[in-house]
Amino acid sequence: MVTRTRPVAAMAVRSRSSSRTGTAYLLLVLCEVSWAQIFSFPFRRPETCDFNQYFDISALSCAPCGANQRRDALGTSCVCLPGYHMISNNGGPSIICKKCPENMKGVTKDGWDCISCPSGLTAEGKCHCPTGHILVERNVSGSLLAQATCELCDESENSFTKANALGTRCVRCEPTFVNTSRSCSCSEPHTLTGGLCFSNTGNFHQRVISTARYGELGMSLNSEWFAKYLQATAAACWTHANLTSCQALGNMCVMNMNSYDSTTLDACRLFHYIFESTAGLISVHSVPFWRQNLPWLFYGDQPGLAPQVLSTTPLPTNFSFKGQNQLKFVAASYDIRGNFIKWQPLEGGVLQLCPDTERRLDAAYAFGTTYQQNCEISLSKLLVDFSSPVFYDVYLEYTDEEQHRYLWPIPVLNLNLQHNKLFVNQDSSSSKWLLTRRIFLVDAVSGRENDLGNQPRVIRVATQISLSIRLVPNTKNGNIYTPLLTIAYSDIDIKNAHSQSAKISFSVKYEMNQGDASVHTDIALGVLGGLAVLSSLLKTAGWKRRVGSPMIDLQTVMKFLLYYAGDLANVFFIITVGTGLYWLIFFKAQKSVSVLLPMPVQEERFVTYVGCAFAMKALQFLHKFISQISIDIFFIDWERPKGKVLKAVEGEGGVRSATVPVSIWRTYFVANEWNEIQTVRKINPLFQVLTTLFFLEVVGFKNLALMDSSSSLSRNPSDYTAPYSRILRYAVATAIWLVIGIIQVVFFAAFYERFIEDKIRQFVDLCSMSNVSVFLLSHRCFGYYIHGRSVHGHADTNMEEMNMNLKREAENLCSQRGLVPNTDGQTFQIAVSSQMRQHYDRIHETLTRRNGPARLLSSSGSTFEQSIKAYHAMNKFLGSFIDHVHKEMDYFIKDKLLLERILGMEFMEPMEKSIFYNDEGHSFSSVLYYGNEATLLIFDLLFFCVVDLACQDFVLASFLTYLQQEIFRFIRNTVGQKNLATKTLVDERFLI
């Protein structure tokens, strides 16, 4: 029966359970009970529980203790009240207490039994014994005595024992008591200090200064730690050569910043006294500054010793950028009492107060990686994490050829060290430095007054730690000198530890002697600068000939300076690009280290060169920019009226006949095309900027500018990112910019102009088809001529005749387009005579007497007619000049000499006749953007680099570079258009 009913009962239980679950769920849904109300509970701390409550670590709340119980010292369990002993204890609060009988009111130390006490009870209900006695509750076999006894420890010479601090057993007296007084007491004439007993007959210093000095705050305070332990520690070190005491004395000296004052008997003075007094002892590991039994704190105070330590002996090992390149720094660590803690590697952030991932912290010791870490830490955290300072002696571990492991000590430059009240380590001359050995990170002990349990009044923090690694000059195998650990401490007067903080920095920097590089740069600058002077003189001489001025005046000097600025800009550009690429290639590609990057301070000279290059290139750009928007230009219309076609014109004398005028639309069309090609370039500026930005930011070429040994373009986000080198950023940016620019120019010249569109040659062809020539004067007596005279005689014709003319020209059924018969030369450089220029100016003055082009509807008739007359006069004069009509202002055509082409100047002066030089290279583009692409490309590049050097942001540099390109292009178009309208009488409203 039982077995049959079990399934039914189980089903009933499951049914009732399901019903209850469904009901509960339905109630939750219908009542919309808040989950926050279900899962929230009161917040309790152990210290908030009552005297008879304990903190339940499971329920995280206060719970009552049992009868005759109270909470323990931790607050997480219960103990019996005084006068009660335990009869059951299952752990935690699960205890049962029972009252002791009247004749046995005391409770044993373990709390399980009651006992009769010989001399009173403590507040906890335990037996109490007088000073020097120990409490005995059990016999030798462990049986509980009926009454406890207080036994006096035997202090006689046979035992030398006394009660321990807990009063539970007799222990041997402290050795200094026994050795000094042959007893367990230290009375006159002996001295008791720091729990040790010393004899006055040792003639050791008695007036020890326990003051802790804080130079940054300009204050001193009486350190409880020094007052309590300094004299005892020094005496134990001096008298007994106690190793731990000597280490503790050294720690106290380090806590006082290794400062030494011959007039003050402080920790360092005591250490020096002991060091000098033990000169007869042997040196440790043959190091003259490391005396037996003493810690190695100083390298000595001889002048000039620091440079010998740092720059005389290279480390007997090599370093490379490939393979295992970690610097193995290790430290011997000691606690404040002088106990040796352990050997520990510096990996894991031992000396780095700023928190970070272990991977990033360990990157500080990757050889060749410049490391920089900064943070701000609250004083409350420092007080918790560094309640007691830890002291470190730092070494570099290396192996010899036989794989034997050795240690190389790392000297310390403590910037807070004072020698006879002088901060010698802050001097710029290393010969005055005093190197030390031991460091700590945080000292929150020496700043405590009166009681070591109090919060310190002052805390001393190592806020700046810098590890400097210097490469041996001319090394090929990665040899380095002894690294230098520079440390600076900040003294902080604690007001509110929770609101105060300390700014911490940790850095590793690499350096090498940059003297040779500076000399080579100076030589290159001197040689190229001299060549720039010669080039500028030649350009100035060529300019003087082109303006027809034989005198050297202020304008000549200013012109020379402008040319020199441009040439010197190229010199600085070449030097900076060469220098940048040198560091980029040789630093990143080396395996065995032979060069290291210049430090940020050493980069200032390079940045100055870049700034000079940009400033002078900007001056050259503005010079050319202004020259282009102020050129003299005129369109010569060769078109003549066809036959004697007449038309009726109404005048004052009635209706009369007149010749049909030549259409002006061809001239307007040519003027518009000229206006369009003024800012045509051989590259696409937007493509240039975006492509450069793409390679730098997206592909990751900017990672080559990081100051580490890696040449990878992609970096793991979890890895440490080294700071950027400004030299490498400049090198990478210039290399990418120039490569993209050169590729664009080559593509434009070799493909685009040849197969798609060549706007410069198209303009020359347009002039021929329009029967319009272009006369340009970029200087007073020098300019360019584009011969556009139609070989068909007329260009103002219909479509049929135009196509017929093109067909005849394609089939060579007409003469060639050149100025000289049977030639194709249409473009010329021209050097005009002064007489011709004067005649041009007389006509031009009439042409430009008005402030602007004629406003067709609003200008007065007389002004308009004068302009028309001047226009026709100029057109007639230039046309007749080209046709050799004026024998007194004639010209001849010749080829330029090779040397003239190379130097960019003319040897012959146009004295009586003007000179037309054949120009197949269309050099008239020099008055356009097109012919100054190199200047524009370098100016844009330098602008890009200067912005990046200032902001360290390629995106911002790209945006501002494109913005300035567009601004100058707009100004060039606008002002150039106005100049074109003014010089050619083409109404600006028709320039679209």
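Cβ coordinates come from backbone N, Cα and C, glycine included.
The Cβ of Cys62 (disulfide bond) lies under 8 Å from the Cβ of Arg44, Thr48, Cys49, Asp50, Gln53, Tyr54, Phe55, Asp56, each of these being in the same chain and 6 or more residues away along the sequence. The disulfide bond annotation in Swiss-Prot covers Cys49-Cys62 (among others).
Spatially close to Cys65 (disulfide bond) yet at least six residues away along the chain are Asn52, Gln53, Tyr54, Arg71, Cys78, Pro93, judged by Cβ distances under 8 angstroms. For Cys65-Cys78 (among others), the entry in Swiss-Prot reads disulfide bond, with the evidence type similarity to another entry.
Feature annotation from Swiss-Prot assigns disulfide bond to Cys80-Cys97 (among others); the stated evidence is similarity to another entry. Under a cutoff of 8 A between CB atoms, and with a sequence separation of 6+ in the same chain, the neighbours of Cys97 (disulfide bond) are Gly66, Ala67, Asn68, Gln69, Cys80, Leu81, Tyr84, His85, Met86, Ile87.
Marked as disulfide bond by Swiss-Prot: Cys100-Cys114 (among others). DSSP assigns Cys114 (disulfide bond) to a strand. The Cβ of Cys114 (disulfide bond) has His85, Cys100, Pro101, Met104, Lys105, Gly106, Val107, Thr108 as same-chain neighbours under 8 Å, each 6 or more residues away in sequence.
Feature annotation from Swiss-Prot assigns disulfide bond to Cys117-Cys127 (among others). The Cβ of Cys117 (disulfide bond) lies under 8 Å from the Cβ of Lys105, Gly106, Cys127, His128, Gln147, Ala148, each of these being in the same chain and 6 or more residues away along the sequence.
Residues or ranges marked as disulfide bond by Swiss-Prot on the basis of similarity to another entry: Cys129-Cys150 (among others). Cys150 (disulfide bond) falls within a strand when secondary structure is assigned with DSSP.
The Cβ of Cys170 (disulfide bond) has Ile134, Glu151, Cys153, Asp154, Ser159, Thr161, Lys162, Ala163, Asn164 as same-chain neighbours under 8 Å, each 6 or more residues away in sequence. If you look up Swiss-Prot, you'll see Cys153-Cys170 (among others) marked as disulfide bond, on the strength of similarity to another entry.
Taking the Cβ of Cys184 (disulfide bond) as reference, residues of its chain lying under 8 Å away and at least six apart in sequence are, in sequence order, Glu155, Phe160, Thr161, Lys162, Cys173, Phe177, Val178. Taken from Swiss-Prot, the feature disulfide bond applies to Cys173-Cys184 (among others).
Neighbours of Cys197 (disulfide bond), defined as other CB atoms within 10 A of its CB across all chains, total 25. Per Swiss-Prot, disulfide bond is recorded for Cys186-Cys197 (among others), and the stated evidence type is similarity to another entry.
Taken from Swiss-Prot, the feature disulfide bond applies to Cys237-Cys246 (among others), supported by similarity to another entry. Non-local contacts of Cys246 (disulfide bond) by the CB criterion (under 8 A, 6+ apart in sequence, same chain) comprise Cys237, Ile274, Asn293, Leu294, Pro295, Gly338.
Residues or ranges marked as disulfide bond in Swiss-Prot (evidence: similarity to another entry): Cys253-Cys268 (among others). The Cβ of Cys268 (disulfide bond) lies under 8 Å from the Cβ of Cys253, Asn256, Asn258, Ser259, Tyr260, each of which sits 6+ residues away along the same chain.
Residues or ranges marked as disulfide bond by Swiss-Prot on the basis of similarity to another entry: Cys354-Cys375 (among others). Long-range neighbours of Cys375 (disulfide bond) (same chain, six or more residues apart, CB within less than 8 Å of its CB): Leu353, Cys354, Pro355, Lys503, Ile504.
Annotation for Asn242 (N-linked glycosylation site): spatial neighbours Ala236, criterion Cβ-Cβ under 8 Å with sequence separation of six or more. As annotated by Swiss-Prot, N-linked glycosylation site applies to Asn242.
Summarising the annotation, Swiss-Prot assigns intramembrane segment to 668-676 (among others).
Under the heading intramembrane segment, Swiss-Prot lists 677-685 (among others).
Positions annotated as intramembrane segment by Swiss-Prot, on the basis of similarity to another entry: 686-698 (among others). With a cut-off of 8 Å between Cβ atoms, the residues of this chain six or more beyond the intramembrane segment (686-698) that come close are 732-733, 736-737, 740-741, 744, 940, 944, 954-955, 958, 961-962, 965.
Sorting the disulfide-bonded residues Cys80, Cys100, Cys153, Cys173, Cys354 by the number of other Cβ atoms within 10 Å puts Cys80 first. Secondary structure of the topological domain 'Cytoplasmic' (546-555) per DSSP, as helix, strand and coil residue counts: 4 helix, 0 strand, 6 coil. Helix, strand and coil content of the topological domain 'Extracellular' (950-954), in residues and according to DSSP, is 3 helix, 0 strand, 2 coil. Of all the disulfide-bonded residues listed (Cys127, Cys186, Cys237, Cys253), Cys186 has the fewest other CB atoms within 10 A of its CB. Calculated from their C-alpha atoms, the gap between Cys197 (disulfide bond) and Cys129 (disulfide bond) amounts to 26 Å. For the topological domain 'Extracellular' (699-728), the DSSP-based tally of helix, strand and coil residues reads 9 helix, 2 strand, 19 coil. When Cβ-Cβ distances under 8 Å to the intramembrane segment (729-754) are tallied for each of 668-676, 677-685, 760-768, 927-933, 934-949, the top count falls to 934-949. Note: Cys129 (disulfide bond) has non-local neighbours Pro118, Ser119, Leu135, Cys150, Gly167, i.e. same-chain residues 6+ apart with C-beta under 8 A of its own C-beta. Stretch with the largest number of CB pairs closer than 8 A to the intramembrane segment (668-676), among 755-759, 760-768, 927-933, 934-949: 760-768. Listed disulfide-bonded residues: Cys49, Cys78, Cys150; maximum Cβ neighbour count within 10 Å falls on Cys78.
Helix, strand and coil counts under DSSP for the topological domain 'Cytoplasmic' (983-992) come to 5 helix, 0 strand, 5 coil.
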